[in-house]
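Novice: After the structure tokens below, expect a handful of questions from me.
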Amino acid sequence: MIAKKEKNKTPKDSMTLLPCFYFVELPIVASSVVSLYFLELTDLFQPAKVGFQCHDRSLSMPYVETNEELIPLLMLLSLAFAAPAASIMVGEGMVYCLQSRLWGRGPGGVEGSINAGGCNFNSFLRRTVRFVGVHVFGLCATALVTDVIQLATGYHTPFFLTVCKPNYTLLGTSCEANPYITQDICSGHDTHAILSARKTFPSQHATLSAFAAVYVSMYFNSVISDATKLLKPILVFAFAIAAGVCGLTQITQYRSHPVDVYAGFLIGAGIAAYLACHAVGNFQAPPAEKVPTPAPAKDALRVLTQRGHESMYQQNKSVSTDELGPPGRLEGVPRPVAREKTSLGSLKRASVDVDLLAPRSPMGKEGMVTFSNTLPRVSTPSLDDPSRRHMTIHVPLDASRSRQLISEWKQKSLEGRGLGLPDEASPAHLRAPAEQVAEEEEEEEEEEEEEEEEEEEEEGPVPPSLYPTVQARPGLGPRVILPPRPGPQPLIHIPEEVVQAGAGLSPKSSASVRAKWLSMVEKGGGPVAVAPPQPRVANPPRLLQVIAMSKAAGGPKAETASSSSASSDSSQYRSPSDRDSASIVTIDAHAPHHPVVHLSAGSTPWEWKAKVVEGEGGYELGDLARGFRSSCKQPGIGPGSPVSDVDQEEPRFGAVATVNLATGEGLPPPGASEGALGAGSRESTLRRQVGALGEREVEAEAESYYRRMQARRYQD
């Protein structure tokens, strides 16, 4: 019965099975059988004639007729062939029936079927033919080896003189004078007996019986399971004892000498062991060919999305402080970072950490700083191209280039603010003051640029070799390394990714802003001289509006409590250099959910201005501009007054900007607010006190502030 698994399995095709069987194996076995016939049953080959001693008693043993032997030759051949062959067939049948369901589970399983010549040969048929065929060939080979040795040696059997009946008178001399006779002086009439008496070494019974016993015993040892503790030993001992009996009968019946039997045992056992190990592979099935399964591909999307926001803060120190790539990989022409377009469904919330580092310099707790934002993250494969994984952005520390970028940024914001509110919803008395303010801002910017150019010519050019190196890390965000610089000129890094107009202001919020302005105008009785809000980037104009309204109304004072966050205890960050001059200011245009962060001096931590305490006297803002002049001080502009780094050239770290809403001191110009407050400060909030605001009072206060600022610039 063939198992279902065997039936369902597709058989293999073999082109060499039948040709080898028909043209190689069968001819060899047939030739051995034919040779054995001529050697055993015919007198075509005569044994060698060997001399003997006169009246040798060892050769004068009684002769037992062939039909009187305990195990005649034909019986020996049949037993040596039939018993092992029957045992092999029965064993293969049992193995096929019991182990057919274990196909492919190990090297000892049943072999699969093979198609050859249009016929399907299952494992039982092929294994049986193979093992029995090798056994038959071994028997023939053993008999041939024995006959060849016997014919070559011609040793006499113990009954040689009995069947030869030598005639000593034919010698012409007496046995005493010549005891060793080499002539043929046999006078017996049984020529067949005389011929067989000349072939005794080795014993044919011993060789054939030993071969059969050893061959079938090795088969039992290989096929029968160890679960049967006694079956295997019983079968092995049975065949071994039978072989021993066959050999010993030759000694007891004086058919062979003891040495002939022992030699026959050795020859037969050696042939059997060789064929069992090398011809049939110790009766084991060949190992099944296992198709190598390809390694499962890494699911980059699954790995990337499983990295949550909390896991980024639990990484060890080695992960967050990986060294940058080799200089050869980072150097070269700046190239844009490739971005993959994926569906919104693959976006996951992850943490983007930015580390500000100063390489090869001592670490300080006060100088260590880091901040993180939670941004949507596009899932990308974990194994990126090295060219995409590392990038180098060279930003020259040229003041003119920085001013050019800032002016372009301001120009874009001014153009966007011109399209902020629809004409039908904006009254004329609100648009006219806005145009005046814009013109004043442009004039001030031109004057400031001229002054900065003159100062730059006096100071001299900045070395062009000071470039910050930014390495983009897919998992932990960009890492900025600041090379040391000799001069005090700061580097202003402005993100190139600008939020497009119309990306952050909803129709509801714009409508609410218009309604508040209309109500404020009705209460104040006159137009308000402020710039209209920028489309989508609404916080800078809204901040000016709130400050102006609060000053006019004389609302309650509020003072923010600054909370310093020094991340020196975190194992994920590295502190910058102790040198105050080598610093970098990064404006994050992607973080709409965090307040503005300013970089303090090397001995002071970062300060966040978020919490508002009611009942105090002013608004204390974070250091929005991050750079201040330290030479001269005007009355009304203290160390904490906000001066944007857009309008200043010399840095002064560690200051806090304070705006007194009651007196109007510290009010930043619109250009400074636009330069300092970009997309990164949209979410910073202030309590607004809406009150009546007079047009003349606002204009007078703004005019006085501008005059103080101009006087300070001229003094610097």
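Glycine residues also receive a Cβ, built from the backbone N, Cα and C atoms like all the rest.
What Swiss-Prot lists as transmembrane segment is 18-38, 70-90, 131-151, 205-225, 231-251, 261-281, and the listing cites sequence analysis. The annotation N-linked glycosylation site is assigned in Swiss-Prot to Asn167, Asn316. What Swiss-Prot records for 311-334, 416-488, 548-589, 664-694 is region 'Disordered'. Marked as compositional bias 'Polar residues' by Swiss-Prot: 312-321. Taken from Swiss-Prot, the feature phosphoserine covers Ser320, Ser351, Ser426, Ser506, Ser641, and the record attributes it to similarity to another entry. Per Swiss-Prot, the feature phosphothreonine maps to Thr374; the stated evidence is similarity to another entry. Residues or ranges marked as compositional bias 'Acidic residues' by Swiss-Prot: 437-460. Per Swiss-Prot, the feature compositional bias 'Low complexity' maps to 562-575.
Where in this structure would I find these features, and how exposed are they?
Specialist: Beyond the ends of the transmembrane segment (131-151), by six or more residues, the same chain brings 25, 28-29, 32-33, 35-36, 39-40, 45-48, 77, 80-81, 84-85, 88-89, 92, 199-204, 207-208, 211-212, 215-216, 219, 264, 267-268, 271-272, 275-276, 279-280, 283 to within a C-beta distance below 8 angstroms of the stretch.
For the recorded site, Asn167 (N-linked glycosylation site), the DSSP three-state label reads coil. Close to Asn167 (N-linked glycosylation site) in the fold, though at least 6 residues off in sequence, lie Ile185, Cys186, Ser187, each with a CB less than 8 Å from its CB.
Tertiary proximity for the transmembrane segment (205-225) is limited to same-chain residues at least six positions away from its ends with a CB under 8 Å from its CB atoms, namely 71, 73, 76-77, 79-81, 83-84, 87-88, 91-92, 95, 131, 135, 138-139, 142-143, 145-146, 231-232, 235-236, 239-240, 242-244, 246-247, 249-250, 255-256, 260-269, 271-273, 275-276, 282-284.
For the transmembrane segment (261-281), same-chain residues at least 6 beyond its ends with a Cβ under 8 Å from one of its own Cβ atoms are 130-131, 134, 137-138, 141-142, 145-146, 149, 201-215, 218-219, 243, 247-248, 250-251.
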Novice: Same-chain Cβ contacts of the transmembrane segment (231-251) under 8 Å, 6 or more residues past its ends?
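Specialist: Residues 69-71, 76, 79, 83-84, 87, 203, 205-206, 208-210, 212-214, 216-217, 220-221, 224, 257-258, 260-261, 264-265, 268 contact the transmembrane segment (231-251) from elsewhere in the chain.
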Novice: Using a Cβ-Cβ cut-off of under 8 Å, list the residues of the same chain that are 6+ residues beyond the ends of the transmembrane segment (18-38) and lie near it.
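Specialist: Residues 44-45, 116-117, 133, 136-137, 140-141, 143-144, 147.
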